[in-house]
Amino acid sequence: NVGLKAVFKDYKLTYYTPDYETKVTDILAAFRVTPQPGVPPEEAGAAVAXESSTGTWTTVWTDGLTSLDRYKGPCYHIEPVAGEENQFIAYVAYPLDLFEEGXVTNMFTSIVGNVFGFKALRALRLEDLRIPPAYVKTFQGPPHGIQVERDKLNKYGRPLLGCTIKPKLGLSAKNYGRAVYECLRGGLDFTKDDENVNSQPFMRWRDRFLFXXEALYKAQAETGEIKGHYLNXTAGTSEEMIKRAVFARELGVPIVMHDYLTGGFTSNTSLAHYCRDNGLLLHIHRAMHAVIDRQKNHGIHFRVLAKXLRMSGGDHIHSGTVVGKLEGEREITLGFVDLLRDDFIEKDRSRGIYFTQDWVSMPGVLPVRSGGIHVWHMPALTEIFGDDSVLQFGGGTLGHPWGNAPGRVANRVALEACVQARNEGRDLAREGNEIIRKAATWSPELSAACEVWKEIKFEFAAMDTL
């Protein structure tokens with residue numbers, strides 16, 4: 001510890017500046033810092049600031065060749081975390097010139113690249129980032145955004161419905177296409193490739209794209225509604241990914257998909273640019289996010305990954321349900337849902353939002369709800385997330401005792417009933433079950449679904465609390 005203290009003294013002298021006034025062009029970060037025993041919070045916070053901006057572990061003569069005061073990222077405020085021993089929120093301001101324009105990759109490499117393995121810290125978590133308008137404006141953002149998507153699909157005034165095709169792995173391309181067709185003709189808007197469906201021996205990507213598009217056009221002709229299937233173009237190289245997106249565009253389908261964390265921000269931004277230039281919507285899956293965001297005291301909170309996705313580009317992103325089988329604490333989830341959809345979001349610590357964020361008219365992203373949800377969840381989902389969301393039922397469609405199309409009908413009927421009830425001024429939170437029961441009296445498909453899932457609950461406390 002003596003050695004550590006000797007090294008970190010320098011950091012505190014240079015990088016802890018509580019009188020610093022933040023600039024409108026600064027990128028601001030809130031880190032949850034857990035110092036090692038014996039390391040004061042100011043020193044730990046200053047060490048984080050230094051190591052993620054201009055500092056290194058010792059004084060170097062080349063420091064004299066530049067203006068460190070201009071480029072250093074100071075730690076300007078530290079506060080203890082309520083209810084936690086030896087945890088602090090350290091606020092760091094980064095000058096805009098430290099970052100390449102329009103590169104999420106570079107932003108993350110700087111801010112979280114090195115500092116998380118630091119010896120002086122027991123744990124470190126990036127809780128939030130404030131992206132200044134000057135930096136936001138260097139990004140294209142989502143290829144199209146919420147309003148343009150609704151106009152393309154001609155769907156207004158309700159959440160969109162989706163379904164992941166199951167079993168996720170093992171179907172042949174033709175059987176996969178059959179499942180897509182059954183779901184789409186039953187009344188949903190989208191079907192989805194599972195995130196791990198890329199191009200495996202049992203189903204190569206080109207065959208899947210062809211059969212899924214055939215299913216989509218057949219369902220469109222039958223229902224008179226515009227349909228989509230998220231064709232997952234994620235691949236081993238960026239070039240192969242773009243090749244798949246080009247093929248999707250040639251088929252004339254409306255939307256493709258990407259796994260943005262496993263695929264990487266550079267690939268994702270390339271694909272987002274291609275999608276805007278070629279009129280494709282882009283659905284984003286967050287596979288691998290829990291590796292980064294699940295631990296409360298170490299990693300990166302999902303709200304930061306969500307902001308980065310809005311900058312990199314995507315029209316939909318999976319973002320927790322509040323109900324169902326996957327994590328999500330209500331206020332915190334709604335906080336980052338607003339950060340995805342809205343143009344201006346006020347600081348609100350009760351929802352985990354550490355900074356006011358102004359997106360200066362960057363298009364919004366539709367949050368996607370998926371994971372263990374079924375018809376009984378519909379009133380809660382409609383109430384909590386409103387119209388601008390995609391509700392994705394995988395097992396909640398394909399698990400219907402009568403098959404895919406009736407499962408889809410049940411979900412659409414439940415959704416329309418909830419939207420109508422809400423528009424009539426009814427309280428979905430209180431009357432939800434009754435609304436579903438009433439709709440089930442004239443929809444045998446919904447009635448059967450209500451029987452199957454009436455008792456299912458996923459009762460675990462959320463780990464992500466304030």
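Quick reminder: no glycine exception, Cβ is built from N, Cα and C everywhere.
As annotated by Swiss-Prot, N6,N6,N6-trimethyllysine applies to LYS5, with the evidence given as sequence analysis.
Annotation comment: Swiss-Prot describes ASN114, THR164, LYS168, ARG286, HIS318, SER370 as substrate binding site. Proximity of LYS168 (substrate binding site) to non-local residues of its own chain (separation of 6 or more, Cβ distance below 8 Å) is seen for ASP194, ASN196, VAL197, given in sequence order.
Following the DSSP three-state reduction, the secondary structure of LYS166 (active site, proton acceptor) is coil. Listed in sequence order, the residues of the same chain lying 6 or more apart from LYS166 (active site, proton acceptor) and placing their CB within less than 8 Å of its CB are ASP194, GLY394, GLY395, LEU398. Positions annotated as active site, proton acceptor by Swiss-Prot: LYS166 (among others).
On its own chain, LYS192 (Mg(2+) binding site) has GLY162, CYS163, THR164, ILE165, HIS229, TYR230, MET257, HIS283, GLN392 as residues at least 6 apart in sequence with a Cβ closer than 8 Å to its own Cβ. Reduced to three states, the DSSP call for LYS192 (Mg(2+) binding site) is strand. What Swiss-Prot lists as Mg(2+) binding site is LYS192, ASP194, GLU195.
Annotation source Swiss-Prot lists N6-carboxylysine at LYS192, citing sequence analysis.
Counted within 10 Å of its Cβ, the other Cβ atoms near HIS285 (active site, proton acceptor) come to 28, all protein chains included. DSSP assigns HIS285 (active site, proton acceptor) to a strand in the three-state reduction. Sequence annotations record features per position, and here Swiss-Prot assigns active site, proton acceptor to HIS285 (among others) based on sequence analysis.
Positions annotated as site 'Transition state stabilizer' by Swiss-Prot, on the basis of sequence analysis: LYS325.
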### Query
ASP194, GLU195: which of these binding-site residues has the highest Cβ count within 10 Å of its own Cβ?
GLU195
## Note on the structure
Given the binding-site residues ASN114, SER370, the candidate whose Cβ has the fewest other Cβ atoms within 10 Å is ASN114
### binding-site residues near HIS285 (active site, proton acceptor) (Cα-Cα within 10 Å), from ASN114, GLU195, HIS318
GLU195, HIS318
### ASN114 (substrate binding site): secondary structure state under DSSP, collapsed to three categories
coil
### Query
Taking just the CA atoms, what is the gap between GLU195 (Mg(2+) binding site) and ARG286 (substrate binding site) in Å?
9
## Note on the structure
Cβ contacts within 10 Å for THR164 (substrate binding site), all chains included, total 24
